[in-house]
Each structure stands twice: as C-alpha cells, then as structure tokens.
Amino acid sequence: MFRNPFIPLILFCVLWVGSLDADTDTTVNVKKSEKILTVIKSGKTILTIPISLGFEPKGAKNEEGDGKTPEGKYTIDYQIPEWAYYKALHISYPNKSQLEEAKKRKVKVGGGILIHGMKKHWNWFGHLHTYLNWTHGCIAVTNEEMDLLFQMVPVGSVIIIEP
C-alpha cells in the first residue's frame, strides 16, 4: 500500500501529536484591567482568583524586558511541577504574529511567560502580593491557588489574556 516505509510512521506521528492538543473544554481568561484570572470549564466559571501582573501592566507586551504581560490568545503548553516560584503553567507566548512584528521592529520578543506561584519564603504575603504588579510579565497567584490551577487546567487549555 505505502511505497515509502516512513509514510505510515510520519502519518502516525502527525495524528498522535495532533491528539496531544488536548481535547479540553477548559479556558483560562485573564482580565488585566481587573487583575482577575477565571477558569471556565464547559461554559461554567469554576474558579476566579486575584492576580499580579508584570510591573508595567498597561498595554500589550512589545519586547523582551518591557515588564508587560502579553495580550492575546495562547495555550497552556506545559506544566512545571517544581520551580523557584513554586509551580508554573507555561503560556505559549509569543504567537506567530507577535514574532513577525518583533522581527519587523528588530527587537527581541521575549518569552518564558508563565502563571506561577510565590517563592516559598514569600507565600506568607497571601493576596497582599496582588496590590503590586511585581513580575517581569508573568501572572502570579498564591501557591494554594497554583495547586488548584494545576488540578483544573490541563495542558492544551486555551488562555485568553485581555487588556
């Protein structure tokens, strides 16, 4: 049937990787202006939590080091179970159009945008951390909230970050 023995293997890999996109009905919605993160599953809100953003919260991320949290539609592409800031969910920033725009402007687009918890010795701050925007562009929550997000937000979930 197949003349090239690699065709079935390639076809299998494409179909298998496509299935990793997670058949998830979970969406994370971030409203930067309200400093709120909402988890929506099957159209119903299941969690709403206060957040901290990048130290320059207004406007979309334009380049590496600008202190802004990106805006747009992304996916949660992997989890980090142990990290300096407790745990983290990696956001697929930058997208293709953001890469192209940065290339046109001849700037570095940045990356490493996460939803993360607090350093262990900072966790006593609790929600007080939300009074300041202190990250370099990430979205910060308490460690307890990070545990909930790890359980509720599977890899492949859509995240929409609004102004």
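Glycine is no exception: its Cβ is also placed from the backbone N, Cα and C atoms.
Per TrEMBL, the feature signal peptide maps to 1-22.
Annotation comment: TrEMBL describes 26-162 as domain 'L,D-TPase catalytic'.
Annotation comment: TrEMBL describes H116 as active site, proton donor/acceptor. DSSP classifies H116 (active site, proton donor/acceptor) as strand under the three-state reduction.
Summarising the annotation, TrEMBL assigns active site, nucleophile to C138. With a cut-off of 8 Å between CB atoms and residues at least 6 apart in sequence, the same chain places G54, T69, G112, I113, L114, I115, H116 near C138 (active site, nucleophile), listed in sequence order.
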Request  = Over the span of the domain 'L,D-TPase catalytic' (26-162), count residues by DSSP class, listing helix, strand and coil in order.
outcome  = 35 helix, 50 strand, 52 coil
Confidence summary for the domain 'L,D-TPase catalytic' (26-162), mean pLDDT rounded = 95
Message = Counting across all protein chains present, how many other Cβ atoms fall within 10 Å of the Cβ of H116 (active site, proton donor/acceptor)?
response = 23
